[in-house]
């Protein structure tokens with residue numbers, strides 16, 4: 001694939017376009033170690049963020065309805081609209097993320113979550129909108145687009161590592177000396193600066209797509225619709241999506257996404273924060289980096305066999321159980337004040353994130369044998385797993401007492 005004749009300029013533009021897909025979601029996710037200490041939801045904020053992201057799956061539904069109403073309409077206007085919404089959501093959120101609204105007698109981060117929804121529309125809809133557009137180009141360019149999609153998680157993680165978290169909070173008396181209040185050391189640069197940088201990257205993605213879509217010199221890299229349809233039909237005739245192996249793989253995909261996009265992000269703050277802000281920051285950022293690395297490994301390397309993958313998942317079950325136990329035991333998990341405890345929890349999150357991400361990429365590669373229909377079905381069950389996992393975990397985190405957040409500062413003794 002990489003040795004084939006290609007236009008490097010188009011490769012670069014496709015990478016830049018791909019960066020804009022999940023940039024908003026990944027960027028806001030790696031800001032959670034800072035935001036959970038400053039927004040009223042506290043450690044429950046990740047479960048609200050995950051639910052807002054899953055609500056953005058209305059995007060693919062609306063796109064499907066528009067496709068029914070306008071079956072011959074070009075996808076380009078929809079892509080432009082999505083990238084504009086994503087860019088504006090990030091830039092506006094940079095200045096309003098800490099504003100709150102009173103709902104049910106409690107402060108809620110409604111502006112922040114509403115703009116998370118806007119940024120997530122890009123990623124959720126890209127799987128059904130951007131991929132079909134790529135089918136107009138030669139297959140060799142899919143890999144470069146996937147590199148860009150991987151960088152949409154990698155670049156925010158690098159930026160977050162540079163930003164840091166400032167350190168642990170210091171408890172100081174309030175102005176009336178009646179209670180202790182936490183004071184958080186500032187990071188290298190604020191969340192506002194972080195989101196403005198992401199907004200600039202999203203604008204770069206928009207400009208890159210504009211050039212790809214309008215620069216006629218790239219017409220030589222496109223394929224004819226006749227070839228696309230013929231190849232698709234040949235592939236789809238080979239596989240039946242109701243075969244037992246297909247059902248098993250699709251159920252497996254539902255579970256993977258329920259865990260990866262619902263369970264894990266919702267409990268991560270409870271699992272990591274007792275070990276300190278630094279542990280949570282490293283677990284989030286390094287775990288987010290493990291995701292694109294695992295996905296790129298799925299693109300560049302020959303996929304492992306099913307038995308090897310099963311062995312990897314079985315081995316990852318040990319750190320996964322440990323992560324879950326520490327979250328349930330919050331705010332007093334094992335080895336809480338030992339360095340080994342901090343190292344172990346970060347290592348567990350990175351390993352599990354990498355293995356689950358690779359397993360999802362493995363399934364995406366496997367279902368390509370089903371052609372466009374197989375990819376669409378896989379995309380549907382992916383969203384089903386993510387949405388169901390997120391909804392269940394939002395209820396568990398916010399309406400049960402399984403996960404507990406302690407007071408940052410102990411009350412003043414009288």
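Each residue, glycine too, has its Cβ placed from N, Cα and C.
What TrEMBL records for 12-32 (among others) is transmembrane segment.
If you look up TrEMBL, you'll see 44-66 (among others) marked as transmembrane segment.
The transmembrane segment annotation in TrEMBL covers 78-97 (among others).
Feature annotation from TrEMBL assigns transmembrane segment to 109-133 (among others).
If you look up TrEMBL, you'll see 140-162 (among others) marked as transmembrane segment.
Annotated transmembrane segment per TrEMBL: 188-212 (among others), in sequence order.
The transmembrane segment annotation in TrEMBL covers 246-267 (among others).
Distant neighbours of the transmembrane segment (279-301): 26, 29-30, 32-33, 36, 143, 146-147, 149-154, 156-158, 160-161, 164-165, 268-269, 271-273, 342, 345-346, 349-355, 357-358, 361-362, 364-365; these residues of the same chain sit at least 6 beyond its ends, with a Cβ under 8 Å from one of its Cβ atoms. If you look up TrEMBL, you'll see 279-301 (among others) marked as transmembrane segment.
Within the chain carrying the transmembrane segment (308-331), a Cβ under 8 angstroms from the stretch's Cβ atoms is held by residues 264, 267-268, 270-274, 344-345, 347-349, 351-352, 355-356, 358-359, 362, 402-406, all 6 or more beyond its ends. The feature transmembrane segment is assigned by TrEMBL to 308-331 (among others).
What TrEMBL lists as transmembrane segment is 343-365 (among others).
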Could you tell me what the rest of the chain brings near the transmembrane segment (78-97), counting residues at least six beyond its ends with Cβ under 8 Å?
20, 23-24, 27-28, 35, 39, 59, 63, 66, 109, 111-112, 115-119, 121-122, 125-126, 129-130, 133, 191-196, 198-199, 202-203, 205-206, 209-210, 213
Beyond a gap of at least 6 residues from its ends, the CB atoms lying under 8 Å from the transmembrane segment (140-162) belong to 1-2, 4, 6, 10-11, 14-23, 26-27, 29-31, 123, 126, 130, 134, 188, 194, 197-198, 201, 221, 281, 284-286, 288-289, 291-293, 295-296, 299-300
Could you give the residue numbers and ranges of same-chain residues that sit at least 6 residues beyond the transmembrane segment (343-365) on either side and whose C-beta is under 8 angstroms from one of its C-beta atoms?
249, 252-253, 256-257, 259-260, 264, 268, 271-272, 275, 279, 282-284, 286-288, 290-295, 297-299, 303-304, 309, 312-313, 315-316, 319-320, 322-323, 326, 333, 335, 375, 378, 382
With Cβ distances under 8 Å as the criterion, find the stretch in 12-32, 44-66, 109-133, 246-267 that has the most pairs with the transmembrane segment (188-212).
12-32
Could you tell me what the rest of the chain brings near the transmembrane segment (246-267), counting residues at least six beyond its ends with Cβ under 8 Å?
29, 46-47, 49-50, 53-54, 239-240, 323-324, 327, 352-353, 356-357, 359-360, 363, 366-367, 370, 374, 377-378, 381-386, 388-394, 396-397, 403
